[in-house]
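Asker: Here it is, the structure in full.
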Amino acid sequence: MVNMKASMFLTFAGLVLLFVVCYASGSEEKEFPKEMLSSIFAVDNDFKQEERDCAGYMRECKEKLCCSGYVCSSRWKWCVLPAPWRR
């Protein structure tokens, strides 16, 4: 099961890379592949830099309040889903 997931992920990543290379080779701009790859990897950095007023799932809640739908675990100080079996 794990091997199937890994092979599907690698196949998908290969197809995306093939698309980027083919699209870049058809483009007249020589800097396009670098710009395309940097914009793809910059999206991840944008999400990391985005600050929230509340802490999401499994985020530290010592200084911030948890977002709606989550509660601060008294034992671990992480935002978790509320459950009837938790104290």
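Backbone N, Cα and C define each Cβ position, glycine as well.
Copied straight from Swiss-Prot:
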- CYS54-CYS67: disulfide bond (DISULFID)
- CYS61-CYS72: disulfide bond (DISULFID)
- CYS66-CYS79: disulfide bond (DISULFID)
- 1-24: signal peptide (SIGNAL)
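Could you place these features in context, so I can see how deep they sit and what lies close by?
Answerer: Taking all protein chains in view, 15 other C-beta atoms sit within 10 angstroms of the C-beta of CYS67 (disulfide bond).
Note: CYS72 (disulfide bond) has non-local neighbours CYS61, LEU65, CYS66, TRP78, CYS79, VAL80, i.e. same-chain residues 6+ apart with C-beta under 8 A of its own C-beta.
The local packing around CYS66 (disulfide bond), expressed as other Cβ atoms within 10 Å of its Cβ over all shown chains, amounts to 19. A strand conformation is recorded for CYS66 (disulfide bond) in the three-state DSSP classification.
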Asker: Sort out the sequence-distant neighbours of CYS54 (disulfide bond) for me: same chain, 6+ apart, CB within less than 8 Å of its CB, listed by position.
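Answerer: When sequence neighbours closer than 6 are ignored, CYS54 (disulfide bond) has LYS64, LEU65, CYS66, CYS67, SER68 within Cβ distance under 8 Å.
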